[in-house]
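Asker: Take a look at this one; I'll ask things after.
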Amino acid sequence: MKNKIKIAVFASGNGSNFQAIADAVKAGSLNTEIALVVTDRPNAYVVERAKQANIPSFAFMPSDYDSKQLYEEMLKEKLASLQVEWIVLAGFMRLIGPVLLGAYENRIVNIHPSVLPAFPGKDAIGQTMAAGAEAAGVTVHYVDAGMDTGSIIAQESFKVNGRSREAVEKEIHAIEHRLYPATLQRLFTQ
Ligand code: GAR
């Protein structure tokens, strides 16, 4: 049988999507190995979650490097040493640059809390609410050099129907936590 695909999960914050992925791996519904959690914020809660899940994490400060190219070279080496094959972005709030895009062509995915191409970038849920949009939702997509512009792999939406931001956010996270592991499993078994 083919070895499990090894992934690195990149996250900058709470890490609830990392948690959903780690839980799916543990439950056997996602056949992959999380080799490493990478964060650009050493104090992010995702580091604690990784520890609890017994998954190694690596934190770096982008400001310690003179350029994105230099920190991406460092990450590329690190991922190569662990034989990481895919990068899974889960709330990683930085654009990926040419070094990692080149090393992981068509093997970097992201989850975004809107129905792309609507509301790319930061605070997509806030943007959705401020625009009075009829629908909110979640997109899983390949990562390219743009901001949330890569080709779409999976998408789910629902009607806002006058709900509060809090309620919309809750629904979005519930969708994310189900959709991301399921989409990864589909990608890895294709
Ligand atoms: C998620 O809602 C994810 O879709 C979003 O950040 C949140 C991270 O939550 N990502 C983006 O906005 C990317 N542009 P988490 O840390 O609890 O997984």
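Cβ coordinates are placed from backbone N, Cα and C, and glycine is handled just like the others.
Because TrEMBL annotations are produced automatically, they should be read as predictions rather than curated entries.
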Asker: Please identify which of Asn43, Asn54, Asn110 is recorded by TrEMBL as part of the (6R)-10-formyltetrahydrofolate site containing Lys68, Met93, Arg94, Leu95, Ile96.
Answerer: Asn110
Asker: Ligand 1 is in the model; which of the binding-site residues Asn17, Lys68, Arg94, Leu95, Ile96 have a C-beta less than 6 angstroms from one of its atoms?
Answerer: Asn17
Asker: With every protein chain in view, how many other Cβ atoms are within 10 Å of the Cβ of Asn17 (N(1)-(5-phospho-beta-D-ribosyl)glycinamide binding site)?
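Answerer: Counting Cβ neighbours of Asn17 (N(1)-(5-phospho-beta-D-ribosyl)glycinamide binding site) within 10 Å gives 24.
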Asker: When you average the Cβ positions of Gly15, Ser16, Asn17 for the N(1)-(5-phospho-beta-D-ribosyl)glycinamide site, which other residues in that chain have a Cβ within 8 Å of that mean position?
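Answerer: After dropping the recorded site residues, what remains is Ala11, Gly13, Asn14, Phe18, Gln19, Ala20, Val46, Arg49, Ala90, Gly91, His177.
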Asker: Determine, using Cα-Cα distances only, which of these recorded positions is closest to Asn110 ((6R)-10-formyltetrahydrofolate binding site): Gly15, Ser16, Asn17, Asp148.
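Answerer: Sorting the recorded positions by distance from Asn110 ((6R)-10-formyltetrahydrofolate binding site), the top entry is Asp148.
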